[in-house]
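Visitor: Below are the features I grabbed from TrEMBL:
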TRANSMEM  21-39  transmembrane segment
TRANSMEM  45-64  transmembrane segment
TRANSMEM  71-89  transmembrane segment
TRANSMEM  95-113  transmembrane segment
TRANSMEM  125-144  transmembrane segment
MOD_RES   T183  FMN phosphoryl threonine
TRANSMEM  221-241  transmembrane segment
TRANSMEM  248-268  transmembrane segment
TRANSMEM  274-293  transmembrane segment
TRANSMEM  305-324  transmembrane segment
Amino acid sequence: MSENLRISPAPHISRKHSTKTIMLDVLIGLAPASAAAVYHFRQHAVILILTCILASAAVEYICCKLMKRENSLGDLSAVVTGLILALSLPPKLPVIYAVIGSIFAVGVCKMAFGGLGCNIFNPAMGARAFLTVSFGMAMASWQLPAQMNPDIPDLGPQTEITAQKGSSEKEEDVKIDAVTQATPLSWVKQAVKTRNAEKASEIISSNWPNSQLKYALTGNIGGSLGETNALALLAGGIYLLIRRTITWHIPAAVLGSAFIFAEIGYLIDKSAFANPLVHMVSGGMLICAFFIATDPVSSPITRAGTVVFGCGVGLIIVLIRLFGTYPEGVMFAILIMNAFTPLIDRILPAKPIGGIPDGK
């Protein structure tokens, strides 16, 4: 026989999920959030999404050529990385930064470690963190959907943020600061500093017709491309659960731990800490819980390990949101817990099928 067969250790279990089908499910799950981003932010969303996807695919193709490997674009992992990165970016971010982020995500965070299955850190979040620390002003400039889509009614005074600047500052600086603070998480951050959480808690305390919760659920609120529409993210997450592409353990652990820790702060001092529901519907909490933290490569293997991992992510997100320098903590929480994944797998190892406990 001239055919070479590859033998792997038992057990030999057949699964209907291949890498390509998993990535395709993730793309389908992200479709509602992507469509919502295009609706709310129009051509800005289209440009960023296409740029990140094409740049990520191009970098992976070039890396495969340089490493003399078979082209791996068919597994769609580069497309998923590009889309998640795009959905984590501000709507008016210059295209050059999106290209730089895509190069860093695939070239540094993925291919430099050996490619898919070998990377330690989530590529999209690694790139998001790199862009944040390198181009802070550009990454912190937000605009409301109503400012970019004339079909969406302006939210009016409910979302206006008064920039507290000294009289010696230039007027342009005040305008920039007002834009960068037009997000719910900025209200949360400011509430801790000023001990006035009333503004942040308005998101869930107003009457429904004018409620900020309605805007947070439907996307008519400031934020990154893919994190403003909570309903779209929930729909995509439920799809992944139904398809069994992901399990409930990490999403439940992330959302549950974040809610509990935010609730503890809220009970201790309601004047400084916003209602925990604000954390649930704001920022990257939902896209993190269903699409980022569930990355099978950079998360633990066992169910117990995934619960520990998810709880750590939720805790760090809330701590950074309340006490950190940045208003959002998703990317740092993911990267920190990615670094702990090998330790978690060591402490909570998978039991081999058919294995016999020690001493028996």
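Every residue gets a Cβ built from N, Cα and C, even glycine.
Heads up, TrEMBL stuff is auto-annotated, nobody curated it.
As the structure is a computational prediction, the values presented were derived from the model and not from experiment.
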Visitor: Ranking 71-89, 95-113, 248-268, 274-293, 305-324 by Cβ pairs under 8 Å to the transmembrane segment (125-144), which is first?
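Guide: Out of the listed stretches, 95-113 contacts the transmembrane segment (125-144) most.
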Visitor: Out of 221-241, 248-268, 274-293, 305-324, which stretch has the largest tally of CB pairs under 8 angstroms to the transmembrane segment (21-39)?
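Guide: The stretch with the most close Cβ contacts to the transmembrane segment (21-39) is 221-241.
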Visitor: With Cβ distances under 8 Å as the criterion, find the stretch in 45-64, 221-241, 274-293, 305-324 that has the most pairs with the transmembrane segment (71-89).
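Guide: Going through each listed stretch, the top one turns out to be 45-64.
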Visitor: Looking only at residues six or more beyond either end of the transmembrane segment (305-324), which have a C-beta under 8 A from one in the stretch?
Guide: 185, 188-189, 192, 247, 249-262, 265, 273, 279, 283, 285, 288-289, 293, 299, 330, 332-334, 336-337, 340-341, 344-345, 348
Visitor: Under 8 Å for C-beta pairs, could you tell me which stretch among 95-113, 221-241, 248-268 has the largest tally with the transmembrane segment (45-64)?
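Guide: Comparing 95-113, 221-241, 248-268 against the transmembrane segment (45-64), the winner is 95-113.
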Visitor: Can you name the far-off residues of the same chain, 6+ from the ends of the transmembrane segment (248-268), with a Cβ under 8 Å from a Cβ of it?
Guide: 237, 241, 274-276, 278-280, 285-286, 288-290, 293-294, 299, 303, 306-315, 317-319, 322
